[in-house]
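As recorded in TrEMBL, the features of this protein are as follows:
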type	residues	note
ACT_SITE	114	active site, proton donor
BINDING	70, 95, 96, 97, 98, 112	(6R)-10-formyltetrahydrofolate binding site
DOMAIN	14-187	domain 'Formyl transferase N-terminal'
SITE	150	site 'Raises pKa of active site His'
Ligand code: GAR
């Protein structure tokens, strides 16, 4: 049995970050820590550079690799995150869909950063899909995670222009510059109100 986590409204926000890869957004989140929020743990689904960045910063880490049983992996993921008692969970380049056990525990407190202007170009290839569609403007969206794929309520968005000659890598890098600022701004503006988050940007 788990009990609901009820932190003090004025306390520094405890953040758990989920990563799967390079972790450049995680690095921005780590560099942006101040009296408003701190990263208490970094959890990944695969060994990755994000985990190395967290270790270099002296942050607790855990890798929860998925086996054949996805539901069982979700339970292990919940336990790994829960052990750090987060106020907020940030999915920052975490490339797995969070299942119902995870949402039952953390929905409303889990936010994701996506490299497109939702509701356009949802899914794992937001940058590639915007480019292939011929979009002239794309960008970054920070949103709550719900049971759909990139369908949760939007918290913040910033546009990024697609330039002539852009390829996926060049466009993604410009989007990430914006994502890094946006996610730090969102975390600094986030407070806990009971079981809910209040985000005043
Ligand atoms: C970011 O652009 C993030 O929005 C994206 O992965 C990148 C992670 O970069 N996430 C998704 O596409 C999730 N659907 P990083 O590893 O350098 O932080």
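These residue numbers are counts, starting from 1, taken along the chain as shown.
Cβ from N, Cα, C; glycine included.
Residue 95 ((6R)-10-formyltetrahydrofolate binding site) carries neither a helix nor a strand DSSP state and counts as coil.
Rounded to the nearest whole angstrom, the C-alpha distance between residue 98 ((6R)-10-formyltetrahydrofolate binding site) and residue 114 (active site, proton donor) is 15. Per-residue confidence over the domain 'Formyl transferase N-terminal' (14-187) averages out at a pLDDT of 97. DSSP classifies residue 150 (site 'Raises pKa of active site His') as coil under the three-state reduction. The highest number of surrounding Cβ atoms within 10 Å, among the binding-site residues 95, 97, 98, is found at 98. A helical conformation is recorded for residue 70 ((6R)-10-formyltetrahydrofolate binding site) in the three-state DSSP classification.
Put simply, of the recorded positions 70, 95, 96, 150, the one whose Cα is nearest the Cα of the residue listed as 'active site, proton donor' is 150.
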